[in-house]
Amino acid sequence: MEVMPQYDLSRLPENTALKQQKLPAHRLDLSASVVLSIFFATGGFCLCMGVILILSAKSTKELEINYTNICANCAQLREDSSNFDKECTCSVPFYLPENMEGNVYMYYKLYGFHQNLYRYILSRSNRQLLGKDIWDVKDCSPFQVSRNSTPIIPCGAIANSIFNDTITLSYNLNSSIHIEVPMLKSGLAWWTDKYVKFQNPRASDLASAFAGSAKPLHWTKPVYELDTDDPGNNGFVNEDLIVWMRTAAFPTFKKLYRRLKRVDYFAVGLPAGNYSFNISYNFPVTVFRGEKSVVLSTLTWIGGGGLFLGLTYTVTGALTLLASFAILAIHLMLKRTKKNFL
Amino acid sequence: MKVRQAIPITSELGDISKLAKFDGEVICEPPNNKLDKFSGTLYWKENKFPLSNQNMLLRGCVLRNTEWCFGLVIFAGPDTKLMQNSGRTKFKRTSIDRLMNTLVLWIFGFLVCMGVILAIGNAIWEHEVGTRFQVYLPWDEAVDSAFFSGFLSFWSYIIILNTVVPISLYVSVEVIRLGHSYFINWDKKMFCMKKRTPAEARTTTLNEELGQVEYIFSDKTGTLTQNIMVFNKCSINGHSYGDVFDVLGHKAELGERPAPVDFSFNPLADKKFLFWDPSLLEAVKMGDPHTHEFFRLLSLCHTVMSEEKSEGELYYKAQSPDEGALVTAARNFGFVFRSRTPKTITVHELGTAITYQLLAILDFNNIRKRMSVIVRNPEGKIRLYCKGADTILLDRLHPSTQELLSSTTDHLNEYAGDGLRTLVLAYKDLDEEYYEEWARRRLQASLAQDSREDRLACIYEEVESDMMLLGATAIEDKLQQGVPETIALLTLANIKIWVLTGDKQETAVNIGYSCKMLTDDMTEVFIVTGHTVLEVREELRKAREKMMDSSHTVGNGFTYQGKLSSSKLTSVLEAVAGEYALVINGHSLAHALEADMELEFLETACACKAVICCRVTPLQKAQVVELVKKYKKAVTLAIGDGANDVSMIKTAHIGVGISGQEGIQAVLASDYSFSQFKFLQRLLLVHGRWSYLRMCKFLCYFFYKNFAFTMVHFWFGFFCGFSAQTVYDQYFITLYNIVYTSLPVLAMGVFDQDVPEQRSMEYPKLYEPGQLNLLFNKREFFICIAQGIYTSVLMFFIPYGVFAEATRDDGTQLADYQSFAVTVATSLVIVVSVQIGLDTGYWTAINHFFIWGSLAVYFAILFAMHSNGLFDMFPNQFRFVGNAQNTLAQPTVWLTIVLTTAVCIMPVVAFRFLRLSLKPDLSDTVRYTQLVRKKQKAQHRCMRRVGRTGSRRSGYAFSHQEGFGELIMSGKNMRLSSLALSSFSTRSSSSWIESLRRKKSDSANSPSGGAEKPFKG
C-alpha cells in the first residue's frame, strides 16, 4: 500500500471551480444599509408616483350617463327579441358644467356583460377575420352557421353580440340650435388590430366577396354595410367591430366609441353647456340585468383616469416609508444593545 | 483469520474412495444467524461426534494456509448464516421525500376544494346570470342545467388549476440531487490519494438526508482503524523505548519526526517497518541481555507461520495483526523468525541461525488472556516464554521483580493512556525434571474425557507462575487518518456516534479511547456484560440510576424505575449531567434488543455520550440501527467496510461504505462510498448540509411560485362567471414552469451556499437545523403557500383595480382580456424572478445567467408569440398578435407591474431583514460576525479535551483466538504437510463430488435435512 504507482491519477476529480463548488460568486447579504436604502428609495418613489398619479387623475374630466333606465321604454322593447327590427331612439339631455379641454373621448360602458367567458372568448375565427379564408367558421360555435346552414360572417358569439347602439352627441347652444358634435370613427383600435389582425378579403366589391354568407343573428345589416361611407372602415376592418372583438377582461368595461373631432366650436374641446345624446337603442342589456352608459372623458399623459393606481401607490409609498423608519429604529436599537453586549 | 478444523474422525477420510463411502448423518440446530455458535452431532458408524463452530466453514470464508478442503454442505442458500444475517433490502427514501408526498396529497385535496368552490360558483352563476345571458352565449347542447354546467366546470378547473400540484417538482428534485451527487463525486477533498479512490455517491436520492443525520453507527475494523498494527513502543527492563524526540529533546508531534531508525544492518528486515527511537537498536547492538531476551521472546512466543518465497524474502502469516506486528518488530531488531516445524522454531539471532526445540504451546484463550511457549535452546536449557494481558500476567510474576514491576506498570499506564494495546512479556526457566513431570501431567490431562479444558488450564496455570518480567510492548491499532478529529467534530455537530463491532470488548474499548470517544474525563463508562435477561436489565437499571442520581439528587431511582412512562424517562435522561458511556456486549445486546427491554436499552444508550457495542453479529448491528430508527425518529447513518456491515448499511437511512478495502460488499450495498472515515465530516457537514439547505430552499420556492401562478385563476373565476377561463395565454401556462421559472430555481438548488465550506467545518453547530428539520417542514410549507397566495391576490387585484377604470394613453380600451393577461403574466415573471434573486444566497455567473436569461427569454418568447409573422401563419393559434408591443408600451402597465412587484416583494424583504436582526440563526451570525478567531480557539480546546491521563486502566487488547497453538503443534496446518498430503489430485475430485451428491440425496430424508462436512486443512 505504501508504494503507490504515480500514474493512476485518472480518477482524481478535476480541480475546476465548478466541480469543487468554488465558483466565484457574489453573496447576497441583506445588510442594513442595503435594505434601508431599498426601503427608503421604494417608499419615496411610490409616494411621489402616487401623488403625481392622483394629481393627473384629478386633472381629467369624466362624465358618465347611464341610459339604461332613462330609455326605459326602449329597454322594454328590446327585451323581446322579436322586436329587433323596430327602431327605438331616445334622447338623453345633460348639462356639462365646465369645459372639457383637449381630446375628448366618447365611450360606451357596459355593466355585467361577460366578454370574458371561456366559450365566448374562443367563439371567433381569426382566419375569417383576416380575410384569408372567410368560410372558416369551425371555431365559432355556437354561432357558426345560420338557420339555413349558410356560414355566418363574421361568425361566433363575440361578433354576434356586437354593441349596436348608435350614439351621437349634440350641443344645444340654445333651445333651438342643436349642433351635432363632430366625431371621428377612426383611431379607435390598435394599429396591429386594424392592419394585421383584421383584413377584408381581397376583392373589388365586398358585397360580392361575402355573397353566400349569412349575417350574424343579432345584426341588422351585413358586415359589408357597417360603414358604407368609408370603405377603409367597412367590412372586417370596421373599427367598431374591431373594438368589440377585443374582448374585455372584466364584466364591467368601457370601450372607445368615438373621438371628438376638434373643429369649430370644439377646437379646444367640449365647451360647457347643454348637450344631449341621441341614442338609437338597439342593444338589450336588461335581459341579463346589465346596464349601459355613455362616458365622455379626457386623458392625461398616462391615459384615462382612475384614482386606483395613484391611491395604491400613495398607500404603498406611505407604508413602505413607515416600515423604513420602523426598520431603522429597530436596527439602531439592536446596534446599541449589541455594542453593549460586546 | 480464524482457525477451523475438521473433527479428527473425518479428517482421516483424505481419500476419495473413503469419502464416497461416508454415510454419516448430521443432526444440528436449525438455521440461525449466530456466527459464532454451532451445535450439531454427527452420527456415523454407530458413534456420536459433537460438531461445534470450530468445525464449520461459513459461507463467504476464504481459505488461508491451506489450498483446499473437502466439506459437506449443511445449509445452503437462504439458510446459511450469512444470508440469515442479511436484512431485507428496503427502498430508501428521504424524509423530505415522504413529506413531499404528503404535501402533494394535501395540495391535491386543496385543488379539489378549489374545484368544488368554483364549480358551486359556476352553478350559481349559470343559474342566476348565465341563463339570462344565453342570448349572447347559449349553453352547450349537452348542458341542460346550471348544475351540470357546474359539474363540467369542476373538471375544467381541475385541469386549469392542476399547476398547483407540482408535477415538475419531482423531476427537478431529481435533477438537483443528481447535481449534488456529482459534487460529491467530484470533490477533490474526498479523494483518497493513497488508494486513488474518489468518493462516490452511489445513489442520487438521499443527498439532503445527509444534512439531517443524528446517529452514526460505525464499524470499527477497517472503518475507524486501518486494521494495521504497528509496534509502537516497548518497555524493556524498566526502560521505555519508542518515544519520538525532536532535535531539542522534546516529545515530537506527528509530522516533525526525524528520520526513522535505519535497519540496513539486517538483510532480513522488513522495509515497511518504521521505528523512530534509535536507542532501542543501540541497546540491541550493545548486546543488552534483557533486550535480546525481549526480542527472542517475541520471535518465539507466537503462532505466526512464515513463508519464504525466495532467500531473505520472508512473509509472515499471522492469525492476528497484533502478532504479526510483534514478530515483525523482533525481525527488524535482529531476531528473525525464519521457519517452523511442528517441533522446532528457527530464529536468526543477529545473523546466526539458531533452532529451538518447541516443546509446548500453551495456547491463548479469552480466560487465560495469555499464551506461552516452552522451548529448549541449543544449549539444552528449557525456558518458558509468556506474553499476555497485564492484569493477568503481573500477578504471576516472581516476587523479586517488584521494582521492575512498578516502573513497567508506569510505562503500561502511559501506553494505555495513549490508547495503545499493551502486552506484558515474561519468561521462566524450567528444570529438565520439572518439565518432564509437567509434560507428563499435561498429556494426562489432555487425554481426560471429562472437563479436559479445566484440567489443562490448571496445568498451564501451574507452570506460568513465578515468571520473570521482561517488559511490555505497546502496539498501536492504527486509526484511519483523522478519526479522532472527525469524531470530535461530528460530536460537536450534535451527532451521536455508536460503534458497533464484532471485536472483543477490550479491543473495542481500547479503540474507543484512542479515537477519543471514551475519555478519562467521563463520569463513568458503564459496561454491560450480563448473560441473562435479568442481569442485563439490572445492569441497565443501575446505569440509569447512576446517571439520574448524579443529575437529580432528589430523585430516588427506585421509584422512578419502571413507573414512569418511557417518554418521561427520556426527558429525565436527556438532561443527564456529566458524560457517560455505555459498552455493551453482543450476548447482552441480544437480551437488550428483546421487545420488552429495547426501550430501556435505548433510553440508557441515548443518555450516554458514547455507545460501543462489541461482539455483535451483523444482524444485531442492523437491529440496533432499526431500534434507533424506530423510536428516535432520527436520521441514521451506518458506515462500514465489510460484508458484516451490509445489513446495517442497508437498514440505516444512509449507508456508507468504505471503499478501497478488500471486500466490496459493503460498498455495493452502500449509498455513498469513500475510502477514509474522515471524509464523513465533509460528506455530512459540507455536502449534506448544503444539500439539505438547497433542497429546502428549492422546495419552498417551488411551492411558492406554483401557488402564486395558479391561484390567480381562482380569483379570476369570480369575475368570469366561473367559466374556467384562464388568466394567461395558453403558451405562458405551458412555458411558465418549464422555461420561465425552472432554471433559476434549479441553479439555486444546485449551487446555493449560505456559508463557505470552511465555516461549516469550523462551526459544526450549523448542522443542527437539519437535524431538527427546521428548514422545510409543514410549517414552512404553509408559510410558502401563504406567501404564494398573498402574491397571487396582489397579482390579480392590483391589475384589476387599475384596469377597471383606466384607459390607454390613446384613449382606447385598456382592460381587454389579452392586455390583462400580458400584464399579469409579466408581473408574475418579474415577481418570481425577484423572489428567486432574494432566495439565492450565492450568485454565481450561472445564477446570473439563468435569472437574467429567464427574464430575457420571457420577453423574447412573448414578443415572438405575439408577432405578426406567427399570426399570419396560424391565425387561430396565435391570437395575441400585437399584444405585447401595444400593452407593454403603456406607462400604466409598467406602473402596475412595478407596483405589484414592490407590494409583493417589500414585505418579504422586511420580514427577512427583521428576522435577521431580531432572531438570527447561526448561519446568519456566522456570516456577519467577525468573531471567527475567538470561536476557533474554543473549538480547538474542545477537540483537544483529551490529554494524556494516567488512569489505571489496562490497555490490553489482543485480537487473538484460541486454537492456533494446537494446530501448530499438530502440524496439520502446515503448508508443507498439506502438500505432502495432496495425494489425491483434482482430476478425480469431480467424480467423488458426484458420489457425495448421490449420498446426500440418499440421506435427504434424514430429520436434519442436512449433511455434514469434514474438511481437511
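Any Cβ shown, glycine's included, is placed from N, Cα and C.
Sequence-distant neighbours of B:Asp219 (active site, 4-aspartylphosphate intermediate) (same chain, 6+ residues apart, CB-CB distance under 8 A): B:Val499, B:Leu500, B:Thr501, B:Lys621, B:Ile639, B:Gly640, B:Asp641, B:Gly642, B:Asn644, B:Asp645, B:Met648. Feature annotation from TrEMBL assigns active site, 4-aspartylphosphate intermediate to B:Asp219.
Using a 10 Å radius centred on the Cβ of B:Thr221 (Mg(2+) binding site) and all shown protein chains, the other Cβ atoms total 23. Summarising the annotation, TrEMBL assigns Mg(2+) binding site to B:Asp219, B:Thr221, B:Asp641, B:Asp645.
Summarising the annotation, TrEMBL assigns ATP binding site to B:Asp219, B:Lys220, B:Thr221, B:Glu323, B:Phe364, B:Lys387, B:Arg421, B:Thr501, B:Gly502, B:Asp503, B:Arg615, B:Lys621, B:Asn644, B:Asp645.
Feature annotation from TrEMBL assigns domain 'P-type ATPase C-terminal' to B:667-920.
The region 'Disordered' annotation in TrEMBL covers B:987-1017.
Here TrEMBL flags B:103-125 (among others) as transmembrane segment.
Counting only same-chain residues 6+ beyond the ends of the transmembrane segment (B:145-171), those with a CB under 8 A from a CB of the stretch are 100, 104, 107-108, 110-112, 114-116, 118-127, 130-131, 139, 699, 702-703, 706-707, 709-711, 713-714, 717, 722-724, 726, 733, 736-738, 742. Marked as transmembrane segment by TrEMBL: B:145-171 (among others).
Sequence annotations record features per position, and here TrEMBL assigns transmembrane segment to B:698-719 (among others).
Annotation comment: TrEMBL describes B:731-751 (among others) as transmembrane segment. Within the same chain, residues 163, 168, 172, 175-176, 179-180, 694-695, 697-698, 701-702, 705-706, 709, 821, 825, 828-829, 832-833, 836, 839-840, 842, 844, 846-847, 850-851, 853-854, 857-858, 861, 865 sit at least 6 positions outside the transmembrane segment (B:731-751) and bring their C-beta atoms closer than 8 Å to a C-beta of that stretch.
The feature transmembrane segment is assigned by TrEMBL to B:781-800 (among others).
As annotated by TrEMBL, transmembrane segment applies to B:820-838 (among others).
Residues annotated as transmembrane segment in TrEMBL: B:850-871 (among others). Taking Cβ pairs closer than 8 Å, the transmembrane segment (B:850-871) reaches residues 729, 731, 735, 739-741, 743-744, 746-747, 822, 825-826, 829-830, 833, 836-837, 840, 877-885 in its own chain, all 6 or more past its ends.
The annotation transmembrane segment is assigned in TrEMBL to B:891-914 (among others).
Comparison of B:103-125, B:698-719, B:820-838, B:891-914 by number of C-beta pairs under 8 angstroms to the transmembrane segment (B:781-800) places B:698-719 first. B:Arg615 (ATP binding site) sits 12 Å from B:Thr221 (Mg(2+) binding site), counting Cα to Cα. Beyond the ends of the transmembrane segment (B:698-719), by six or more residues, the same chain brings 96, 100, 103, 107, 114, 118, 121, 157, 160-161, 163-164, 166, 169, 172-173, 176, 725-728, 736-737, 741, 745-746, 748-749, 776, 780-781, 783-785, 787-789, 791-793, 795-797, 800, 824, 828, 831-832, 835-836, 839 to within a C-beta distance below 8 angstroms of the stretch. Sequence-distant neighbours of B:Gly502 (ATP binding site) (same chain, six or more apart, CB under 8 Å from its CB) are B:Leu35, B:Thr221, B:Gly586, B:Cys614, B:Arg615, B:Val616, B:Thr617, B:Pro618, B:Asn644, listed in sequence order.
Of all the binding-site residues given, namely B:Arg421, B:Arg615, the one with the smallest number of surrounding CB atoms inside 10 A is B:Arg615. For B:Asn644 (ATP binding site), the Cβ neighbour count at a 10 Å cut-off comes to 26, with all displayed protein chains included. The Cβ centroid of B:Asp219, B:Thr221, B:Asp641, B:Asp645 marks the Mg(2+) site; residues of that chain outside this set whose Cβ lies within 8 Å of it are B:Ser218, B:Lys220, B:Gly222, B:Thr223, B:Thr501, B:Ile639, B:Gly640, B:Gly642, B:Asn644, B:Ile658, B:Ala666, given in sequence order.
Counting other C-beta atoms within 10 Å of each candidate's C-beta, the binding-site residues B:Asp641, B:Asp645 are led by B:Asp645.
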